[in-house]
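Feature annotations, courtesy of TrEMBL:
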- B:12-36: transmembrane segment (TRANSMEM)
- B:43-63: transmembrane segment (TRANSMEM)
- B:69-92: transmembrane segment (TRANSMEM)
- B:104-127: transmembrane segment (TRANSMEM)
- B:147-170: transmembrane segment (TRANSMEM)
- B:199-222: transmembrane segment (TRANSMEM)
- B:228-246: transmembrane segment (TRANSMEM)
- B:253-271: transmembrane segment (TRANSMEM)
- B:277-298: transmembrane segment (TRANSMEM)
Amino acid sequence: MKKVLIAGCLLLLSLSMVMAGGGSDQTIKIGLNIPLTGDSPKVGEGAKYASEIVQKELEAAGGLDVKGKKYKVQFVIVDNELKADSAVQAALRLVVQDQVLAVMGPCGSGRAIPAGQVNNENRTPMVSPWATNPAVTLNRPYVFRACILDPVQAPAAVNFAGSQFPQAKKTAILYNLDDDYSKTLAELFRDSWTKSNGSGSVVAFESFGQKDQDFSVQLTRIINAGADLLYLPDYYNHVALIIPQAKDLGWGNKPILGSDSWGSADLVSLSNGAVKGYYFTTHYAAAGAVGATKAFIDKYKAAYGYTPDDVAALSYDSIHIILQAIQTAGITGNLQTDRDGIKNAIATMKNFDGITGKMTFDANGDPEKPAVVVRVNDAGEFEYVTSM
Amino acid sequence: MLATILQNIFNALQWGSFYSMIALGYCLVYGVLRLINFAHGDIFMTACYIAFFIASALLSTFVSGGSVVFVATLILTMIATALVGVTIERVAYRPLRKKGVNRLYVVITALMVGFILENGNLAFLGASSRRFPDILQKELWNFGPVTLTNLKVLVIVAAFVVFGVLQFIVKKTVFGMSMRAISYDKFAIPLMGIPVNRVITFTFALGSSLAAVAGILFGMSYPVLDPYMGMTIGWKAFIAAVVGGIGEISGAFLGGFILGFIEIFIAAFFPSSFKDLVSFVILLIILVIKPTGFFGFAKSTKI
């Protein structure tokens, strides 16, 4: 009996020594506030897979090197179901319960605006990969983003339409009333279009609800208003329904222009190819990428079997922005000091070399980057056209 | 202006057809059991998914679509969905009925069954939207300013056929007579030797196969499927059934079209952001003036 006891004690002792000797006894926790269920789960999937790729890179390097010491990084993933209230809950959970150092996400503006408030009030740095609405970072020193803003994206779309479709003078807009992102972008596009084509050149400004599936009445009005171009600042699941219905009602071959919310891997399959030939403004183009961008795309494709969309690429960049900030600021062990350090490091970051472009953050916490215009080519790939 | 109105009449007919077909399912079950089967919208969603799997399987075997594949998908989906409906009745509603509990509890059970169907789908099939396959080759027809597709016409015709068949079953067959009899007096009827449970099973099978017809056509018209797709349209169809008069088949049928026309024409003449607001204010006014709906009859107990 005594022998067993001694053996047990020895075993425990050796185990604890092994654990202590492992080196990385400290773990850095980073929260992911992303939509894994809800209306566009592909968005959350891309973000999650991007974090898995970062995780693999870190494992290969033996952990994150912060001022000469290796740390293990743990991603705490919370599903926000693509709902504003759930995103707020998720943000609170990550900040208070899980005590993460920083949060990546929510992805879209509808969730990032309310969740950003929570993160800012709790003085926890947050980087949204994909939220393009100005309100996300406005007057919130702890909130940053890795993508271009709607006030950049909308005029870029108008300018592109002007050069690509000079015959299009009258435009129609169909947006999602339930989504801050879609509504704001629609208004910015309307104002920008009116500025360059004169008043009355926006002939239809129509909306629908999140759960709507039938858009026939809005499209009938758009078609009969004599619009030359249709702007759809909507999510891919709506776009996949709207475009075939527009064609069924007699839209014909007139151009349709979209925004970065089109850029999902599911867009082409859900619309059964109906989106081919149309253009949208976004953050990066997978077809024809080089360097680190290509390396990321190849890794992602090999692991998950499809080309990563822009949310995945921007999530990858967002996580790396946080990691680089941690490396710059260092780890003291005091949660609030570390969170403040990360915030300051991101705010002063110069020319962060991301796979979606170089980023330097302005006073609002927004990166200075151009918008990329891509075309859905016949193979269903998103092909680079120009930068505006 | 005329062009817009004409086009919107067809838009409303198509959209109203879906409400009507779903509302008929509510109406059947309500007519016999005085039970509002709140799971009906989700049975419709389930039917969409069943049709999706059957059509995908058939298309991968027969390569190209066409009317044969369509009819085969329709029949198989109707059978499978009828089985789903009957199973739900057996598992969730019949035990409660046997215990003779208040009807309110059965309605709550129906709500729960709806959530179970939604979340079961979410758990087993994942949250990603699915693309419904193109079963029929789409054709575009231009009649002056109005543009129609073969699918749109099929949907509208189907709604009327479904209504006609249902009227026939309820008014002219023995089963229909039993259904009406149970609805009239559920205590005296078993004494007459009418197998009440069998008639109820048949009612659920019939109601669910109606949802199947609606589901397959809906999948073809709006080919992006997700687990929550049945919720809103189910509620709205229920409202349509009440506005039309839920105890009466022609009432539910008409109610669906009323809601379809109101929704489409409100959006056609008001800013589209007011669509649901104004639509439901109108429906509320209709119900306040005529609480039993257009074709309904006064009943002392509703749930």
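Using the three backbone atoms N, Cα and C, a Cβ is placed for every residue, glycine included.
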Looking only at residues six or more beyond either end of the transmembrane segment (B:104-127), which have a C-beta under 8 A from one in the stretch?
-> 35-39, 41-43, 45-46, 49, 88, 92-93, 96-97, 226-228, 230-231, 234, 303
Flag the pair the transmembrane segment (B:147-170) / the transmembrane segment (B:12-36) as in contact if three or more Cβ pairs fall under 8 Å (sequence separation 6 or more).
-> yes
The transmembrane segment (B:228-246) in contact with the transmembrane segment (B:12-36), cutoff 8 A, at least 3 CB pairs, sep 6+ = yes
Could you pull out which residues elsewhere in the chain have a CB under 8 Å from any CB of the transmembrane segment (B:69-92), counting only those six or more residues past its ends?
-> 39, 43, 46-47, 50-51, 54-55, 58-59, 62, 109-110, 112-113, 135-136, 200-201, 204-209, 211-213, 215-216
How about the transmembrane segment (B:12-36) and the transmembrane segment (B:277-298): do they have 3 or more C-beta pairs under 8 A, pairs 6 or more apart in sequence?
-> no
May I ask for the residues of the chain that lie six or more residues beyond the transmembrane segment (B:199-222) and have a Cβ under 8 Å from a Cβ within it?
-> 14, 17-18, 21-22, 24-26, 28-29, 32-33, 37, 40, 43-48, 50-52, 55, 73-74, 77-86, 88-90, 94, 132, 134-136, 151-152, 154-155, 158, 162, 166, 169, 175, 178-179, 182
